[in-house]
């Protein structure tokens with residue numbers, strides 16, 4: 001840094017006017033006096049900035065001679081992705097110890113913006129979002145870290161990590177570009193995030209050896225101004241010594257668009273498991289400075305993701321291990337994606353698209369990924385064994401012993417009762433908590449970024465019925481009608497479902513009604529697209545609604561306030577109604593055998609409880625939803641995620657032990673379609689991915 005003095009100092013002026021001897025004498029005396037008084041002013045305040053910090057710990061992680069170097073010695077990265085936000089914080093250490101036992105020396109993780117800033121300006125860095133605690137735990141356990149702060153992360157996470165509230169802004173930012181509105185948001189976000197990483201950099205005594213810029217940008221765009229701006233921001237907060245890196249698919253076109261040539265940013269690659277890695281590593285060299293291209297597969301795929309309606313993705317253990325061996329045997333480095341997948345708790349699962357945005361494929365709640373460390377932390381499997389055997393050949397020291405699987409428990413059947421119909425939770429005659437518009441508004445415009453919005457309007461009855469058409473719906477709508485003028489009112493009658501990937505028209509039956517017919521459309525956001533050209537994915541009804549080709553006007557939008565992962569449950573009429581109804585039962589502390597209730601296709605809340613007698617019996621479990629329809633599950637007020645056994649393949653949902661407790665445990669369900677006929681949810685001690693349409697193939701990106 002150059003410092004330019006615009007005005008001459010008094011000392012400089014005197015030196016020019018006097019003789020050279022006087023000048024030297026004056027300078028000498030000044031220096032002696034300065035040294036004499038220095039202790040009076042010391043120590044000066046120390047500010048941890050990337051420009052003033054000095055490495056006094058003799059730690060250095062760098063790239064030279066096409067190798068990684070750690071403290072002056074060659075280093076081979078054998079890493080794996082473990083996402084802190086997909087694992088209960090009380091299980092972070094368990095999963096990291098199992099990653100060490102696998103032979104990993106490095107952990108890679110994304111940082112999802114939308115988890116940490118769920119609403120504009122509200123920053124969250126606690127609970128599942130306590131990224132600093134996770135990084136410090138990695139450091140404590142002797143694991144290095146490659147951090148991927150985005151701002152775009154993909155990760156099969158809702159909108160690749162971008163906050164849904166972007167869509168409530170005017171103008172709407174254009175993510176992954178040099179759009180000024182977007183860059184201002186990134187500057188604010190990284191201004192809060194990156195300073196947390198500075199003291200955790202390896203050269204400063206922490207675990208972070210590399211920081212990623214964007215993520216697979218070459219598969220999306222080629223705005224170099226945007227990439228250079230991210231580099232400048234990162235350097236401003238983290239200094240010029242830390243290694244910044246990009247990751248792109250191992251094809252020349254991807255690398256041309258997604259990398260920054262030279263030695264300012266290291267270019268890593270990823271490619272399909274089983275591809276010959278070394279021609280791709282040779283191509284990688286073209287995009288790094290000479291001597292600055294250690295071969296690194298930043299995403300070595302141990303498995304694959306699964307969407308609802310597909311077979312569960314599985315890859316052969318020996319095939320995967322052999323592909324890894326081809327990289328490691330020639331001093332290449334690799335990061336397993338995933339080492340441990342975890343769970344898409346809450347509403348944070350992402351989605352993909354095929355040929356167009358209508359070819360929509362939402363992800364499962366499970367993010368098992370067929371990884372060597374399974375969703376529940378199990379390591380007693382052939383993939384873990386095969387990969388560990390390969391890594392052991394290249395480890396400089398014996399691998400730690402393998403921890404045992406966490407114990408699982410089945411707590412028997414949980415009997416439930418219907419507590420409230422969803423539509424009864426709304427006062428349709430009250431203007432509170434309702435948005436009105438001539439045309440439907442997106443979910444984001446009514447400040448509902450996840451979950452559901454209920455759209456309500458009315459229309460005139462017509463002999464022969466009506467045809468309902470919604471040209472643009474994201475993502476799934478259940479349609480109901482009712483005739484308010486009927487005696488005692490009329491419960492909404494289910495008419496049918498409209499799905500984004502089918503975009504079907506719906507026939508509304510003829511109803512004899514002396515007033516206008518009420519039309520209810522319950523729209524579910526099933527996860528924003530996280531990858532590809534169609535990631536601009538608003539939710540809700542995004543077009544006019546047509547009856548027999550004519551636009552329907554006069555809409556009311558009712559947000560459905562269900563809390564998401566890591567959000568504190570605040571008062572709202574829905575959850576309070578469920579709890580108050582259930583408390584009357586649980587307070588009696590009796591074992592009930594609930595009578596059969598008439599099933600209904602109208603969305604409703606169901607609640608039950610199960611007892612764990614001793615603290616030693618609190619263990620992981622799975623909730624089975626076989627014979628149920630589709631819905632959302634809360635255990636002790638924690639949003640476990642979605643179930644949809646009719647579509648499959650996931651039959652049951654993983655419940656980590658830290659969510660349970662000794663004594664009564666409360667289960668709440670929002671069932672959207674039809675509950676199990678006996679109103680029972682069973683607990684099981686192992687996962688089950690055999691539900692639904694077993695004939696569908698796995699979707700490959």
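Backbone N, Cα and C atoms are what each Cβ position is placed from, and that goes for glycine too.
What TrEMBL lists as transmembrane segment is 21-42.
As annotated by TrEMBL, domain 'Glycoside hydrolase 35 catalytic' applies to 68-393.
Counted within 10 Å of its Cβ, the other Cβ atoms near residue 216 (active site, proton donor) come to 21, all protein chains included. According to TrEMBL, the feature active site, proton donor maps to 216.
A C-beta separation below 8 Å, combined with a sequence spacing of at least six in one chain, links residue 299 (active site, nucleophile) to 81, 247, 270, 335, 337. Residues annotated as active site, nucleophile in TrEMBL: 299.
For 440-560, the entry in TrEMBL reads domain 'Beta-galactosidase 1-like first all-beta'. Across the domain 'Beta-galactosidase 1-like first all-beta' (440-560), DSSP assigns 3 helix, 53 strand, 65 coil.
Positions annotated as domain 'Beta-galactosidase galactose-binding' by TrEMBL: 603-665. Along the domain 'Beta-galactosidase galactose-binding' (603-665), the predicted structure has mean pLDDT 97.
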